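What follows is a single structure, written as structure tokens, with notes after it.
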Amino acid sequence: MWNKTRTTLLAVGVLFHLFYLWSIFDIYFISPLVHGMSPYQSTPTPPAKRLFLIVGDGLRADTTFDKVTHPVSGKTEFLAPFIRSLVMNNATYGISHTRMPTESRPGHVAMIAGFYEDVSAVTKGWKSNPVNFDSFFNQSTHTYSFGSPDILPMFKDGASDPNKVDTWMYDHTFEDFTQSSIELDAFVFRHLDQLFHNSTLNSTLDYEIRQDGNVFFLHLLGCDTAGHSYRPYSAEYYDNVKYIDDQIPILIDKVNKFFADDKTAFIFTADHGMSAFGSHGDGHPNNTRTPLVAWGAGLNKPVHNPFPVSDNYTENWELSSIKRNDVKQADIASLMSYLIGVNYPKNSVGELPIAYIDGKESDKLAALYNNARSILEQYLVKQDEVIDSQFFYKEYFKFVEKSHSHYLEEIETLIQRISEGENYLEQEAITLTEELMQITLEGLHYLTTYNWRFIRTIVTFGFVGWIFFSFIIFLKSFILENVIDDQKASPLSHAVFGSIGILLNWILFYQHSPFNFYMYLLFPLYFWSYIFTNRSVLRSGIKEFFKGTSPWKRVLITISIISVYEGIVYGFFHRWTFTLITNILAFYPFICGVRELSVNILWIITSVLLSTFTLFDAVKIEDLNQIHLAGLLIILSAFYALYKIHSRINSYTRAIFAIQISLVAAMLAVTHRSVISLQLRQGLPRESQVAGWIIFFVSLFVMPILHYRKPNNDYKVRLLIIYLTFAPSFIILTISFESLFYFLFTSYMVQWIEIENKIKEMKTQKDENWLQVLRVSVIGFFLLQVAFFGTGNVASISSFSLESVCRLLPIFDPFLMGALLMLKLIIPYGLLSTCLGILNLKLNFKDYTISSLIISMSDILSLNFFYLLRTEGSWLDIGITISNYCLAILSSLFMLILEVLGHVLLKNVIIQDKTKKTQ
């Protein structure tokens, strides 16, 4: 039923949700980046002429320093004995603490630019997107970089002069997760050797390489690849660490012979660690703790503790006698800048770790002071931007109590006194400088969030207005069908809302607000004007909707709905909440009056079994037994369904079903062989990969076409077709229990259809029972969430295991791997859309009734998550709150898509004893 009112709802709804989806990035995650700062040189007397930055991608701190037992040889040993010898004799070491997300791009940005890239970067992509801020490479004389095509280009393309950064990269196809990861690192060392050799044949190159201020960046991807493929406790991962340790002394010897001046500084670290499951991205300590070892020109030798110092994490390192100097990852950029005497990156927030520096205290203090001035420069530029766009400006309270100029004067006075021999003031000067840096960073956050309260109020009115606006349209479309034309707005309404709009738009204009802010304001003005004009429709529609129910029952229904929605909100953070709600729904048929014992018992059993999935760990470990069990259950359930519908199908359809069941069995066999081969480190058999893709394609595309040639329009037949169409694809993409969920989720919805049909048949009144529509909509929306959280959560997707795609795609291909992951996520929604479509037909609901009602209520979730967004703390928490908000705000549109998809999947389907069919 596509009338004017519904068209308005869809057009306004799509625009509203798309704009408000983006609102969090305009409000919460405005980039703190500022431009136009003056640079500050780290030191005029650099201790090193060049620097080698060696990054072991995905290398954990404990693996680097700990004594481990090799899983193949059984030998207990230190994997990196040479690096350990540096720590004990020649280097300063510590743990570099990363921030979340513990991914390659933000990790490298932090250590090379000294800047923790904000979440708004996710809107631009993270691989090929060049960094749009200053970096250590940008300040160097020249940078020679070797390694992965996922990392090197973003610093080359983002440099002020791209010719300043040279890159030597392997092709993406080189990143084969089933082959030896050591080859990736061997490429780096081999091409560095080639560069040195070429310089002996080219005088220009030789001159360029020997310039002061050069940087050599070695990006070693091997550990990350081995960790993803085989876990960080595997022989492959350990062997890769040993290979790196073997190559570093060779590298040092070649560098010393080539330059022959002992003026080279070396930094060895990692961008992030690796979880026990072979993933990273979240805030687990195994992901955030990385090694940092620094040696060479300008760097301190190890300092011995007067007494052994260790903790539970480091007790097996046998380094308790050596002082450990931990840093934040962004501090590495400041350290590297000092070592070769270049400017601090203009956007750096890193603090110079003076414990690593070998030099005069006055030089170190001067460098730290310039570090603080560089950060303060960002604050001053940002403050000027804010002052220029405000009617009234209120300065950050800590700088009101003590101005930044006062801080600078005090520090300069202390530095002057220290230079005159008062060395006892050094610690006071360092403490005061660090205090200035900390307050400056807090002030930057204050300026970035200066207009939060105003714009968040506008967005809140927008969400609440949409809820009432869409509910009024639902009432007009399905309950008060005699209301055709909208009520005319009164002159008072025009005057009031027009005045408010002019005033608020003027404020936005004065604040130099972007275009999106005007749209955020336009929607609440339109919604509340519409609500005010149609307030009589809202009153009469609610009265008709709850016709025949007592006031206390209305209150109970309202409380129940809000409780379910708030439970869903809580379930986004704690999946066990979905278990609780599913178990409560186990009594749903009995509460609604269904008294058939077999129906109720089967429903309770299925509900309890389905509820267990949200208790399982979202990060899964490959389990072939669970995959086998799920495949067997899918095959048995298909045979049982065929037995139940055998009288409704002809021989052609029966033969197609037999082929589909055979494809499920064949895919199970292919999955078994692929898993065994990959677990034995024998790679993916070519024939298994080809067979997997053939079955994948045939089941998803060929079989539906064969059914379409001679269609059977019975709804039970159509549901079985869809169930078997998706099953093979889901099996090969399953890591452990996902296919079991697929089987039980389908069983649950099939039973739900029959239960709702029985409830419908029990009603004798002629009037439309809107409470059943309400119940179906709420349960349907709940199942929309279960379809996602039943097999994982946001965090498990951000760090998904490669087992789910390596059986089809062993070569690294982020686009195709992402597409396969999305297919796996979408399949349960396809089943849900089919069942909602069947419910729509069996219960004689008008088309789009369910989606329209859900759309009017679902933004209860969006409003919750809007205020639950986090900008501080663990980046895992920050990322999850962003994803939760996006999932919630897209639920409205997704529900409509599901119902449209249901119409497509159920085209011409006939419900027995009903004359209605899909159009």
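Using N, Cα and C of the backbone, Cβ positions are placed for all residues, glycine too.
Residues near Asn90 (N-linked glycosylation site) in space but far in sequence (CB under 8 A, at least 6 apart, same chain), listed by position: Trp295, Lys301, Pro302. For Asn90 (among others), the entry in Swiss-Prot reads N-linked glycosylation site, with the evidence type sequence analysis.
Asn138 (N-linked glycosylation site) falls within a helical segment according to DSSP. Residues or ranges marked as N-linked glycosylation site by Swiss-Prot on the basis of sequence analysis: Asn138 (among others).
Using a 10 Å Cβ-Cβ cutoff, Asn198 (N-linked glycosylation site) registers 12 neighbours. The N-linked glycosylation site annotation in Swiss-Prot covers Asn198 (among others).
Residues annotated as N-linked glycosylation site in Swiss-Prot, with sequence analysis given as evidence: Asn202 (among others). Residue environment of Asn202 (N-linked glycosylation site) contains 11 other Cβ atoms, counted within 10 Å of its Cβ in all protein chains.
Residues or ranges marked as N-linked glycosylation site by Swiss-Prot: Asn286 (among others). DSSP assigns Asn286 (N-linked glycosylation site) to a helical segment in the three-state reduction. Sequence-distant neighbours of Asn286 (N-linked glycosylation site) (same chain, 6+ residues apart, CB-CB distance under 8 A): Arg60, Asp62, Pro232, Gly273, Met274, Ser275, Ala276.
According to its DSSP assignment, Asn312 (N-linked glycosylation site) is coil. Note: Asn312 (N-linked glycosylation site) has no non-local neighbours, i.e. no same-chain residues 6+ apart with C-beta under 8 A of its own C-beta. Under the heading N-linked glycosylation site, Swiss-Prot lists Asn312 (among others).
Under the heading topological domain 'Cytoplasmic', Swiss-Prot lists 1-9 (among others). Taken as a whole, the topological domain 'Cytoplasmic' (1-9) shows an average pLDDT of 70 in this prediction.
If you look up Swiss-Prot, you'll see 31-457 (among others) marked as topological domain 'Lumenal', on the strength of sequence analysis.
Annotation source Swiss-Prot lists topological domain 'Cytoplasmic' at 479-488 (among others).
Annotation source Swiss-Prot lists topological domain 'Cytoplasmic' at 534-553 (among others), citing sequence analysis. Counting residues per DSSP class in helix, strand and coil order gives 14 helix, 0 strand, 6 coil for the topological domain 'Cytoplasmic' (534-553).
Positions annotated as topological domain 'Lumenal' by Swiss-Prot, on the basis of sequence analysis: 620-626 (among others). Long-range contacts of the topological domain 'Lumenal' (620-626) within the same chain: residues 277, 672, 675-676, 679, 734-740, 792, 796, 801, 803, each at least 6 residues beyond the stretch ends and with a Cβ under 8 Å from a Cβ of the stretch.
The topological domain 'Cytoplasmic' annotation in Swiss-Prot covers 648-655 (among others).
As annotated by Swiss-Prot, topological domain 'Lumenal' applies to 677-687 (among others), with the evidence given as sequence analysis. With DSSP classes pooled into helix, strand and coil, the tally for the topological domain 'Lumenal' (677-687) is 5 helix, 0 strand, 6 coil.
If you look up Swiss-Prot, you'll see 709-720 (among others) marked as topological domain 'Cytoplasmic'.
Residues annotated as topological domain 'Lumenal' in Swiss-Prot: 742-776 (among others).
For 798-807 (among others), the entry in Swiss-Prot reads topological domain 'Cytoplasmic', with the evidence type sequence analysis.
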Intrachain neighbours beyond the transmembrane segment (849-869), with Cβ under 8 angstroms and 6 or more residues off its ends: 6, 9, 13, 20, 23-24, 28, 456, 459-460, 463-464, 466-467, 470-471, 473-474, 477-478, 561-562, 565-566, 568-569, 572, 773-774, 776-778, 780-781, 836, 839-840, 881-882, 884-885, 888-889, 891-892, 895-896, 898-899
Cα distance (Å, whole number) from Asn138 (N-linked glycosylation site) to Asn198 (N-linked glycosylation site): 24
Cα-Cα distance linking Asn138 (N-linked glycosylation site) and Asn202 (N-linked glycosylation site), given in Å to the nearest integer: 25
Protein Cβ atoms within 10 Å of Asn138 (N-linked glycosylation site), excluding its own: 22
DSSP three-state assignment for Asn90 (N-linked glycosylation site): coil
Tally of DSSP helical, extended and coil residues in the topological domain 'Lumenal' (620-626): 3 helix, 0 strand, 4 coil
Three-state secondary structure, which DSSP defines for Asn202 (N-linked glycosylation site): coil
Positions whose Cβ lies under 8 angstroms from the topological domain 'Cytoplasmic' (709-720), at least six residues beyond its ends: 638, 641-642, 644-645, 648-650, 652-653, 657, 750, 834-835, 838, 841-842, 905-906, 908-912, 917
